[in-house]
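The following features are taken from TrEMBL:
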type	residues	note
BINDING	Thr511	Ca(2+) binding site
DISULFID	Cys354-Cys386	disulfide bond
REGION	37-66	region 'Disordered'
Amino acid sequence: KIRADHEKALEEAKEKLKKSRDEIQAEIQTEKNKVVQELKKKDSKPLPPVPLPNLIGINSGEPADPDIREKRNKIKEMMKHAWDNYRQYGWGHNELKPIARKGHSTNIFGNSQMGATIVDALDTLYIMGLHDEFREGQEWIDKNLDFSVNSEVSVFEVNIRFIGGLLAAYYLSGQEVFKIKAVQLAGKLLPAFNTPTGIPWAMVNLKSGVGRNWGWASAGSSILAEFGTLHMEFVHLSYLTGDPVYYNKVMHIRKLLQKMDRPNGLYPNYLNPRTGRWGQLYVSAAGTGKLDFYEYLLKAWLMSDKMDTEARKMYDDAIEAIEKHLIRKSNGGLTFIGEWKNGHLERKMGHLTCFAGGMFALGADGSRDDKAGHYLQLGAEIAHTCHESYDRTTLKLGPEAFKFDGGVEAVAVRQNEKYYILRPEVIETYWYMWRFTHDPKYRQWGWEATQAIDKYCRVSGGFSGVKDVYSSSPTYDDVQQSFFLAETLKYLYLLFSNDDLLPLDNWVFNTEAHPLPVLH
């Protein structure tokens with residue numbers, strides 16, 4: 001058989017060589033076109049019809065109080081300012097440089113123009129009733145959002161911003177294009193899971209499917225806060241496509257993590273996707289300052305209509321360990337979440353960790369041993385600490401990280417931690433605390449932050465981060481982050497809306513503030 005095949009191949013080659021160069025080129029072109037058509041067919045097989053979950057509260061929330069309404073309208077105006085300038089100067093680029101008035105891209109999106117700000121902002125535009133802007137964004141996505149680019153992207157960032165943003169836009173608006181694009185993109189992320197352990201690479205090339213890890217992460221390891229936060233989006237992808245592959249990938253990660261030993265009950269931050277062993281053990285819990293993995297355990301339980309009790313148990317175990325090992329009170333009485341470094345607790349908290357106040361409040365209902373009141377109180381204490389980090393600066397905007405050493409409390413010490421890049425985590429916690437307590441101080445704190453952002457971060461070409469929140473004449477970093485439109489402005493808008501806009505019994509927000517419906 002081998003000889004026959006061999007001879008047949010030789011015959012075909014001889015035939016080919018008799019043809020003119022032009023004929024051969026034409027044949028190659030025909031073959032290429034055939035392959036492209038096949039791929040198109042494969043890409044565009046229709047998705048099964050799935051019943052949309054019962055979507056409650058997607059365009060309401062108008063407050064009766066005229067003062068609150070005025071504040072809410074101000075936040076909407078800020079969103080319009082951010083969007084209009086991006087539309088004018090950065091359209092199609094990932095982000096905007098508001099002072100240079102041109103597009104901007106970071107390495108997390110690779111080197112290609114993927115319109116990150118558009119995808120990230122869609123659901124915010126929708127709930128604010130900015131429907132013309134929403135339609136502009138939808139049109140761009142329909143015509144220009146292309147995932148077959150030769151570009152290496154962060155699996156984590158693309159999942160929370162792009163897949164999360166597209167899914168939320170689909171559920172809010174019912175427009176099929178968002179669902180189709182989300183599924184196409186998810187297919188491009190799947191090759192990242194082709195590792196010996198099934199723990200995905202941090203980076204994947206969208207065209208070739210080749211994955212690798214960040215150079216700076218521990219000895220080629222993947223980061224828990226990244227691969228641990230794919231769950232919500234991937235469960236929804238399986239729901240919408242009827243294909244269990246996405247669900248299986250994330251459940252496999254969970255099973256693997258459950259089997260591993262956890263020093264002092266906490267999951268270390270790095271895991272090697274080749275060996276399945278932890279990277280540096282001493283970087284416990286929030287080594288890079290992110291507790292997102294624990295947040296996603298809680299949200300997996302909420303999103304499953306509280307049926308996924310395994311996720312709830314993992315969350316409860318983890319936060320008990322966090323309380324025991326990471327949460328401390330400063331001499332001045334401020335509760336903070338420290339970071340493990342080299343086997344001791346560093347008395348420093350990052351702005352990113354401030355979201356945990358909202359997480360504790362969100363998880364209070366349903367917690368063990370009647371500790372709901374305790375966790376709501378813990379959320380309130382963290383909100384207070386993070387507010388202090390804002391209040392103790394010149395601009396009334398919080399630094400990237402702040403210390404609790406000796407006389408210095410809730411203040412940044414190092415120059416490279418004094419910047420504010422339009423981050424949402426503190427405002428996110430204010431919003432959750434407002435929803436669960438209706439204590440007016442949270443709206444007051446949110447309004448302080450709104451005014452400070454409008455005063456010190458607003459420029460004629462959009463909004464920019466500032467490099468030093470303790471300086472009265474700060475310099476700008478000249479980046480309008482996509483998460484400013486996705487998260488910061490959305491949480492502010494929700495803080496000044498009634499609770500019937502995206503009620504928490506029906507919606508769960510991913511870590512980029514994209515709301516996904518509870519799947520009953």
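Cβ from N, Cα, C; glycine included.
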Inter-residue C-alpha distance, Cys386 (disulfide bond) and the residue listed as 'Ca(2+) binding site' (nearest angstrom): 18
Cys354 (disulfide bond) and the residue listed as 'Ca(2+) binding site', Cα-Cα, nearest whole angstrom: 13
Residues that sit under 8 angstroms from Cys354 (disulfide bond) by C-beta distance, when 6+ apart in the chain: Ile382, Cys386, Ser389, Gly398, Glu425, Val426, Glu428, Thr429
Candidates Cys386, Thr511: member of the recorded positions with the richest Cβ shell (10 Å): Cys386
